[in-house]
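Visitor: The structure's right below; bear with me while I get my questions together.
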Amino acid sequence: MAVGGGKRKRGKILWSKLYSFSCVQPSTLESDDGDGGHSLEGPGFSRVVYCNQSHMHRRAPLWYPNNCISTTKYNAVTFLPKATFEQFRRVANLYFLLAAALSLTPVAPFSAVSMIAPLVFVVGLSMAKEALEDWRRFMQDLKVNSRKVSVHKSKGQFVTKTWEKLRVGDVVKVEKDQFFPADLLLLSSSYEDGICYVETMNLDGETNLKVKRALEVTLPLDGDAAFVDFTAMIRCEDPNPSLYTFVGNLDYQDKVFPIDPSQVLLRDSKLRNTEFVYGVVIFTGPDTKVMQNAMKSPSKRSTIEKQMDYIIYFMFNILVFISLVSSIGFAAKTKFSMPKWWYMRPQHTTNLYDPNRAVLSGVFHLVTALILYGYLIPISLYVSIEVVKVLQATFIDQDIQMYDEETGVTAEARTSNLNEELGQVVTILSDKTGTLTCNQMEFIKCSIAGVSYGVSSTDVEIAAAKHMAADRRRRKNSSKGDKDSQDSFEEQDSQAAEIELECITISRPDTAKKPSIKGFAFEDGRLMNQSWLKEPEAETHLMFFRILAVCHAAIPVENSETGNFNYEAESPDEAALLVAAREFGFEFCRRTQSSVFVREQYPTPGQPVE
């Protein structure tokens, strides 16, 4: 069946002319013929990029930073002062620093070593933990900066370079499932109309694919050899953190073309469902939009640590109170009893025991008492907490239940300062369910002509049945002895039991395993194997299946192993509906500028008709 056109004309497929793709065309498309562009006058639009001439950006005034990024908290110069400052933000460490300083005076009851050594040990241990975690961040940055990408060198030859060596103006080739190394202007793609799919999950959390479209004037740049003599100039906005806006002009072939966000590929987004794209680097390293949105690694303090500060304040007040009482008693004893102790020679004593200066002696004793009773504040508590946090982070990294088998990614604790905050989330405010799920869609049920088809139970139904069963048991235990309520509960129990039994009996045979066909978990003999032809309203069923196979913006890709078609769609919803249509006997196989072609197992099963 061909929908939307009767003739099969050969020619390039301009996906952007389809209604489904027209939404990604720039609003200034009327200027695509080179008659004009955006007005870039005024501050904030001073950036100039010479395409395929990166050497122009290695010296002033067009010098731009390289593509190396850093998310570390410290460096070799700032580590000692910054880490020391972070440690003495803790009240206990500040107290012991004061006590260590006072231990150098004659009024100290202990040697200076006994006060300084524990403080150095505790602070050194915490700083070592900070250094270890920052080293891990440095190694992650090194791994990212060492990723490879193909860069145009000269005469149409592309060579492999690391991300950190990219410069503004370089022409790069990014292949399927690779991350974009910098903010790029899309020049062309493997599709003839310059369409490409982009996953921006690392930027905004969205798993649905975004469609990007190159300017028509750059579509001929679809191969390595096309860049031999390619030169152009881009004038655009200065670096800023706005992910959804971009204003610029492309000066190419003596004409000016407007650029908007639909032509910009942002760093840390990934190329999907497209074999390759060519792009020119606009922003690098700290100038990219993702890094403009990134904050410096903050000094994170957990709730428990903040609470410990209040406890230390309270204990310090108790310590001061005990020391005051002790010093007042010492001053009184020195003034009134010291003169009677002739063997202490009070006339020739120091200020520490001078009965004529009892107040001064009391002040000196206050300092002594603060040091003497200082062990009321447990410095070892911080040591224990730091050790526990490091061990917790190690256990998180090695937790097999937090390992994703599909991607091969393990959990990684980049910092252990907030370990105790995990698992304490009470309320989640979310704008949609996709934020909390894997965004994997399966075709399980459908309704045609008012009749529900599909005998499998969804995970929601199974969970609801289990919840009702647990609630029923709870109400039974709480309602013993009350006959009226018992009768009412028995009636509700019978209804709940029926629902639960229905969900259990019609649930998928093996819910622990994924369906053999990805995205398709439908079970109902009334529709499968062309049985829908026996239904009362077969024409309605036919229209339903055709709509599934036609109303979408997906692209078919033939699977050489199975002979079937896989579908590259913006969202898993579209892909699941197309897989369902294929399994029902309506396989979307190709499309042209004005037609959609479907292979139908109708009216004769086993003999598909296009």
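From the backbone N, Cα and C atoms, a Cβ is placed for every residue, glycine too.
Features from TrEMBL:
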type     : residues                       : note
DOMAIN   : 49-116                         : domain 'P-type ATPase N-terminal'
TRANSMEM : 115-132                        : transmembrane segment
TRANSMEM : 310-332                        : transmembrane segment
TRANSMEM : 362-383                        : transmembrane segment
ACT_SITE : ASP431                         : active site, 4-aspartylphosphate intermediate
BINDING  : ASP431, LYS432, THR433, GLU574 : ATP binding site
REGION   : 471-493                        : region 'Disordered'
Visitor: Could you tally the C-beta atoms, other than its own, that fall within 10 angstroms of the C-beta of GLU574 (ATP binding site)?
Guide: 20
Visitor: Taking a Cβ cut-off under 8 Å, which residues six or more beyond the ends of the transmembrane segment (362-383) line up next to it in the same chain?
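Guide: Tertiary neighbours of the transmembrane segment (362-383) are 90, 92-93, 95-96, 99, 102-103, 105, 107-110, 115, 118-119, 121-122, 125-126, 308, 312, 315-316, 318-320, 322-324, 326-328, 330-331, 334, 351-352.
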Visitor: Please work out the mean pLDDT for the residues of the domain 'P-type ATPase N-terminal' (49-116).
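Guide: A mean pLDDT of 86 is what the model gives the domain 'P-type ATPase N-terminal' (49-116).
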